[in-house]
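Read through the structure below, which is laid out as structure tokens, and then see the notes.
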Amino acid sequence: MLQTINNIVILTGAGVSAESGVATFRGPDGLWEGHRVEDVATPEAFVRDPALVQKFYDERRAKLKTVEPNAAHQALARLDRTWAGELLLVTQNVDDLHDRAGSQRLLHMHGELNSAWCRACDAHFAFEGEMASGPVCPHCHVPGCLRPDIVWFGEMPYQMERIEAALARCDLFVSIGTSGAVYPAAGFVQTARYHGARTLEMNLDPSEGSFHFHESRMGKAGELVPDWVDQVLSHGLC
Ligand code: APR
């Protein structure tokens, strides 16, 4: 069934950046770049071995300089520039590829590699370079108190109130390149449906919550997303 849409919420995950050469979180071996997530993506891991965790994110941050936005990021930025209705792009990704493609109505719910969080003064600010060497906070001038501004397991994602409000208003919810394994993002489809939205998933293979979606398109984001954006912009329909 086709319906007119005005308000769109889009959720992206690691799959949208895969064709840019950024590793997804759950590789075939279940590891993230050779590490168990418990060893690099929890507050407990940071307390246990801060050097390992800082080195891991320093490497991910440095890798960003070697990758470029792909056709999916670019198509979503084109939709953002063109779409006259409400639109919110929520990404679970900590890379900056949506930003560099030009998406403006963008929210990083799991934080950003290019951001630091000072545990001494609580400032969050843009950051490039290495944290492992214990740089001084530019706000409070305390050394060695910066941590990656990444939402780890057991921590609250950013801007949940804004996301929930957008989900309650949207008439189309689209999920792209996410395994649907991590809440609360994995539950957005149910929230959107509860409020009457049409729901569409685009992923390489069915996500864990695939059955919640009205429609699933399987394939590469770099191919599916530009086609879908063309479809929305030419027909204004889901
Ligand atoms: N196009 C579309 N989808 C793809 C592509 C591609 N080219 N390549 C891989 N995928 C799909 C995979 O099939 C998989 O379902 O992307 C999904 C990636 O899943 P995950 O690696 O689990 O990543 P994501 O869902 O973003 O993880 C969610 O988990 O570790 C935490 O906080 C971290 O934000 C992350 C969250």
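Glycine residues also receive a Cβ, built from the backbone N, Cα and C atoms like all the rest.
For reference, TrEMBL has these:
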- 1-235: domain 'Deacetylase sirtuin-type' (DOMAIN)
- 13-32, 92-95, 177-179, 203-205, A221: NAD(+) binding site (BINDING)
- Y57, R60: substrate binding site (BINDING)
- H110: active site, proton acceptor (ACT_SITE)
- C118, C121, C137, C140: Zn(2+) binding site (BINDING)
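Just so you know, the Cβ of S17 (NAD(+) binding site) picks up 27 other Cβ atoms within 10 Å once every protein chain is counted. In the vicinity of ligand 1, defined as a Cβ distance under 6 Å, the following of the recorded positions Y57, H110, G177, L204 are placed: H110, G177, L204.
Across the structure, F25 (NAD(+) binding site) and R60 (substrate binding site) place their CA atoms 12 angstrom apart.
Nearest neighbour of H110 (active site, proton acceptor) by Cα distance, taken over the binding-site residues G13, S17, G21, Q92, C121: Q92. Neighbour counts were taken as the number of other C-beta atoms within 10 angstroms of each residue's C-beta; across the binding-site residues C121, C137, the minimum falls on C121.
Within the model, the domain 'Deacetylase sirtuin-type' (1-235) shows a mean pLDDT value of 95, rounded to a whole number.
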